[in-house]
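Here the structure comes first, spelled out in structure tokens, and everything after it is commentary.
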């Protein structure tokens, strides 16, 4: 139950709305009576989880919202490209090792450093392993099966969050959040990414949803899952929850009991599993915190970015919603002074604490020199929420000012603010949706070629030239970071090999053959991103070669496709050349215009004309 004062403010606000609004509309005409009972607010079920829903508002039911979320996330599973090479080499490759017995290993998985957890991989790997053992599918089907599973898990989180937002913040903000989420490019990318930051998003935002509905034990447990099994820095999301429980509500017993239960049920099995894989006592979350915070170099050797990186990236992924989310605190302050306070109250918590996880996250990660897009994944749904709140505040302020002007002229009070300001919300939703769809289409059109190109190897497997007892070496040079993963090889006798290029950093290597390969420390791994010559493969032993021909060549990065004596082009697909394309038109697709301002090179899959038998 909400505190008495909050309940009184809520009831007063509800009564005021009942007096000023137009006659009621039918709630969710397409839904069943059972669904309407669950979502429609009434005097009999005022304490129900959806008590804040007003019969005068048409709102998608929780079940309808869930179906739309599932549809959107399955689209992401099928059409989203892998935007981060860290996802490929740190997660898809070790997962391929767990399922198929071979895969590339990075230095983070070396027992010498042990920064990554195999427990996290097993959560995704076990269903894929069962699928592989029962049906023996093509490896790429396992890839998409895991992606669909991740998308479904994200949709479950969003369903829970949608229901909580409608209760805590109101159904209008819930509707806006639903639309912003469905057409968010950021969610399109992150929802099916095999990354701990995406996993932290699933459970971190589920923790917030549980907290907003005052399910404190569940909130603590979800934060523990997000930070221990996922990403330890996701614990930032739980800081406002802890402040609320310990300082505002004095729930010391509940907090410490459930913190202990969560740690025991998650951390202890995790330590056992990871210690078995690494061959020594290992607690991976602690190791990654020690490396990132307490080493003298940390992650900064892998590149640093200015503050503008996150600002631009946020706009590309959330367009106008991102800008609205950044000004939410300012708008709430204006709302407090301009709009009557009772119209701004929520059911259980003040806004400054419910939205604190988002701004605390920005405060910490904006200050870090090393910036990656995936570092903001855990708070992506909160961007949509804060954007929705800002739109609602805009509507309130607009209506308040309009009411003051009208009242001065005729001395009468107007109807409810939504009756005269929905055009603001509709315009922003349309703009956000069209911009999001434009961005999604641009991403697929510009960058999906590597995943499509790898499919062509299936044609070779079906040809008379293919031999099941032959190891085929698929080489890659400067484009190593665009490789989508070994799941795209048609069989287990294909291997990725690295050619020397202008890149001077450290590359991954295959797990050692035989048992206990995860316990073997390769001598060429280091935590300083230093190049090792032993990682490179002889050019003459390559059977296939992946190369992006963008018109720039060096001695180490020649145009392999022009070496017609060695190679024949199996498949060639267009891939965007960023330096030769306009920044706006390469980011957003506009029909009939974009092609005039963008330039594409050929992403080639080359096959050696005379394949040596080995």
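Each Cβ is built from the backbone N, Cα and C atoms, and glycine gets one as well.
Predicted, not measured: the structure shown is a model, and the values here were computed from it.
Here TrEMBL flags 32-53 as compositional bias 'Basic and acidic residues'. Annotation source TrEMBL lists region 'Disordered' at 1-53. What TrEMBL records for 141-161, 182-212, 218-243, 255-273, 315-337, 349-367, 379-399, 420-444 is transmembrane segment.
Sequence-distant residue pairs (6 or more apart) of the transmembrane segment (349-367) and the transmembrane segment (420-444) include fewer than 3 whose Cβ atoms are under 8 Å, leaving the two stretches without contact. The stretch in closest packing with the transmembrane segment (315-337), judged by the count of Cβ pairs under 8 Å and taken from 182-212, 218-243, 420-444, is 420-444.
Sequence-remote contacts of a segment are chain residues at least 6 beyond its ends whose Cβ falls under 8 Å from one of its Cβ atoms, and for the transmembrane segment (218-243) they are 117, 119-120, 123, 196-197, 199-200, 202-208, 210-211, 255, 258-259, 261-263, 266-267, 270, 285-286, 288-289, 353-354, 356-357, 360-361, 364, 378-379.
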